[in-house]
């Protein structure tokens, strides 16, 4: 039985509390993989982190091989195979986006520097903390010893949300929906695209038979789903974000299914006219722990406009983060 070293930052938070049982029970890497678990949080959260570690121990997960936790990134992030970056500064009422970017840039600059010292060239890094795409770009910039291809941002939550909306619209199950795509930023400018997807084996557009809904309410619903959950719960998405992070890592680490793709924020290589070096969400397939942008998809004018809009926002975020 293999052993994989998994790290989670911000592990004492809401998403951490949801994701850790999924990781330890095999939902992420399979029932034949043991886990060496390393949990990181800030010094102010060490008491809460200790309590989380106690609960993990008390759960007696058969796949949990070892457990360590603390607030020193150079100790906790050392020699890991996979790291899920949940920890970031949350946006507060009245906070300007530029201030949020600056605060998170400082966090991911420090963690990137630590990762650059103690990480491995094979370490796979998933950034969940918002603004995820730009945080991912900052992290990769400050960890040059690790290849850019090893850094991804999570848009799988948006991908899952889009799949559910289509399934619900036609009375299918989410497992019946394949190859929706999220282009761009994990924000309200993202573009959920169904033009190449299927439901129950047939094309989504004729199955839904409502272009007005697909081009309007559907897109808006996926874009604003996080805000709707905050309005209802008074807290941001946690359980669904944890599930999406598990889905993302599982497919990246173990590979996507034949003929299917998933949505991942990755460092662009210039595909589809997206500036190289920008962290942008594309439809991707994964083989041997490497992602590959799906090529050759036809992009109509409606889609191109949406893709350019979210590209512009990401460009502005990048410029603000690195100029601040």
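Cβ coordinates are placed from backbone N, Cα and C, and glycine is handled just like the others.
TrEMBL lists 4-151 with the feature domain 'Lactate/malate dehydrogenase N-terminal'. In this model, the domain 'Lactate/malate dehydrogenase N-terminal' (4-151) carries an average pLDDT of 94.
Residues or ranges marked as NAD(+) binding site by TrEMBL: 10, 11, 12, 13, 14, 15, 16, 41, 104, 128, 129, 130. Counting every protein chain shown, the Cβ of residue 130 (substrate binding site) has 21 other Cβ atoms within 10 Å.
According to TrEMBL, the feature substrate binding site maps to 91, 97, 130, 161. Cβ neighbours within 10 Å of residue 161 (substrate binding site), excluding its own Cβ and spanning all shown chains: 21.
The feature active site, proton acceptor is assigned by TrEMBL to 186.
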Per DSSP, what is the residue count of the domain 'Lactate/malate dehydrogenase N-terminal' (4-151) in each of helix, strand and coil?
66 helix, 30 strand, 52 coil
Rank the binding-site residues 10, 16 by how many other Cβ atoms lie within 10 Å of each Cβ and give me the one with the fewest.
10
Here's one to test understanding: among the recorded positions 130, 161, 186, whose C-alpha is closest in space to the C-alpha of residue 104 (NAD(+) binding site)?
130
Take the C-alpha atoms of residue 161 (substrate binding site) and residue 14 (NAD(+) binding site) and report the distance between them in angstrom, rounded.
19
Cα distance, residue 130 (substrate binding site) to residue 10 (NAD(+) binding site), nearest Å?
12
